[in-house]
């Protein structure tokens, strides 16, 4: 009895009453302080009640007869096992040291409550996001490992996961341990060492299958910047449609051209017509007699002289301002299907496989013959700097000829011969900003656009267009390329250069597109189709916002007179 009386007296003596200033203020007391509705008496009473701590004493049966003291405080931290004297001193302190195994869940909760700006003092687990089967498995593994006495090898980590899967004292090889871990992951479908017992927030549910977010194009960060900045509005309908009756449906002929004076020449049957794009007036230049007809048309770069290649193998020069023929030049034994100007030199390609250079200033106009093609020449283009002449033929070859010693005509053997095409090459175009880059398009059996570097003779790129390539033009306003096609869709396609990403397909022709020509300002393209129509496409119109910025960037020079006046 004396022993119990001693314990009661000691318990009464160690009961601590008074305010605890070091502990965190409870949430409900904080609300009362903020509301200001409680009286000073109630506040002090509540504070005294909340700060009260109780010390329980129990007698252990060890050899030293040491008293084990445990305090129940707000932090719920358990003191270490010490002597009676040390225990009393540690119990008088508010914040005791944590056990050696690490912080408990309650201490972490209170610490987080102090750091939360909203004043929350606990986490609420989400039942929908918690895997109870997996949690039960982890707890069982941890319990089994503790019972077997692994020496702390398989201890739960901070997230409640088990560090190992061994449940016996028998040493396990690393290979077997890895195999057991793999089997566990295969059974559970995840790595259990990274899983938590409780989930405190739910993940966003996945959208239903087939759902398309309409705002993805606006807010997606995966959209490449080139696609965002490179997109522009391109009208997909023709601005104007003209009738072209009796236009010849022949892949090897070039029956339309657009002059620098904004006049379009087109051959319809046995006649050649002129259409002024500015005024809309139409005039007939001439009409052939018999079975003769025009096979090719080409305007001189500056002026109103039109060159006409005929089915008789002659080349005629016409003054379209005075509506009269100036001269007739011979040199071919078959029809002349293609013409190309370079200053005062006119090159003509014929079905006989030859290319003749004509100096239109002199009486002896024939200044050179280029022989390289074995079949009809159907494509001719001079480079913008006048250094190279490209020719395409029905023999599936592209020849590049070099100008002779700076003269505006080509002589000798071809500089390069490209034989990678599988069909006739009629579509040729030189890049305006890269004078050494040549684009060529093949016919039905080829269907590709190839880019060549004539400086070293290398193939730079090849793009399969899935249809016959009838014409190619580089834009003067944008770094883009337009191509005319035949069967199946008879479309015009606009490509980004050099990526060759297709921008848009311009549909409308019901027959293959025979030829395309560009306006002097580079904003409009005219296409001549086998459906006997001419269509105007305003596909390269300059951006008005960009033009406004460029205009505002050019500032007027300040006047010296204004500067002198004060």
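Each Cβ is built from the backbone N, Cα and C atoms, and glycine gets one as well.
Taken from TrEMBL, the feature compositional bias 'Low complexity' covers 87-101. What TrEMBL records for 103-116, 164-175 is compositional bias 'Polar residues'. Taken from TrEMBL, the feature domain 'CDC20/Fizzy WD40' covers 242-537. The region 'Disordered' feature in TrEMBL is assigned to 72-127, 142-176. Residues or ranges marked as repeat 'WD' by TrEMBL: 370-411, 506-538.
Nonlocal intrachain contacts for the repeat 'WD' (370-411), taken as residues 6+ away from its ends with a CB within less than 8 angstroms of a stretch CB, comprise 251-252, 334, 337-345, 347-357, 359, 417-419, 421-430, 432, 435-436, 438, 440, 442, 446, 452, 454, 457. The average pLDDT computed over the domain 'CDC20/Fizzy WD40' (242-537) stands at 94. Counting residues per DSSP class in helix, strand and coil order gives 0 helix, 21 strand, 21 coil for the repeat 'WD' (370-411). Counting residues per DSSP class in helix, strand and coil order gives 0 helix, 17 strand, 16 coil for the repeat 'WD' (506-538).
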